[in-house]
Amino acid sequence: METLTHFPRAPSRPQQVILSVQTTMKISPILLVSTLLVSLWGSVLCRKLHLGTCSLTVHTHELRHHFQQIRHSMLTEDSHKGVRLLKVNIMKNLQATESCCFLRQVLRFYIEKVFSSYTSSQSLHRRTTSVLANSFHSITKELKLCHAQRHCQCSQETNLKFDAIQTNYDKASMGAASVKAIGELDSVLEWLESFHSN
């Protein structure tokens with residue numbers, strides 16, 4: 001009579017290991033989706049702007065976020081509501097090759113004249129304008145490179161358009177003029193966003 005040999009049954013995997021594998025399988029898709037969302041969000045926050053042959057990396061979403069914190073106060077404090085420093089139609093009608101030069105002039109104007117002369121008793125306003133000034137300074141560094149590589153064309157017409165902004169700014173008192181210019185940043189940001197690459 002043939003004897004059956006009974007081999008010891010292999011020990012089963014601990015339940016903890018099985019649960020660990022199942023948990024990993026559940027978490028993996030979540031991690032994948034999260035990573036994708038972070039990547040997409042990053043691309044929205046930081047995009048390339050193309051002004052003619054000059055390419056810039058600008059965090060327009062971040063700029064708008066900071067501006068929104070003080071926008072209402074600036075518009076409320078504006079004592080020259082009937083006057084516009086930055087006319088949207090002038091910015092939109094600029095040639096792409098001239099936009100680079102015009103933007104550089106506008107940002108330097110904000111850094112050297114507007115933000116430097118703005119004073120406020122509110123710490124939020126001072127902090128926000130400081131952040132905006134630093135952001136503008138970073139953009140001007142890239143614009144300076146474009147200018148050095150002759151990607152920015154400064155025509156006489158472009159210079160005259162910018163001179164008109166400074167002339168209107170200088171007509172008002174320093175405090176009132178800086179408040180007005182900061183309140184009109186919405187137009188600058190909208191214009192910048194129009195150069196986003198798809």
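Glycine residues also receive a Cβ, built from the backbone N, Cα and C atoms like all the rest.
In TrEMBL, annotation is done automatically, which means it is predicted and not curated.
Of the listed cysteines C101, C146, C152, TrEMBL assigns the disulfide bond with C154 to C101. Around the Cβ of C146 (disulfide bond), the number of neighbouring Cβ atoms within 10 Å comes to 20. Neighbour counts of Cβ atoms within 10 Å were compared across the disulfide-bonded residues C54, C100, C101, C152, C154; the minimum falls on C154. Considering only the disulfide-bonded residues C54, C100, C146, C154 (disulfide bond) has C100 as its nearest partner by CA-CA distance. DSSP gives C152 (disulfide bond) a coil state; it is part of no helix or strand.
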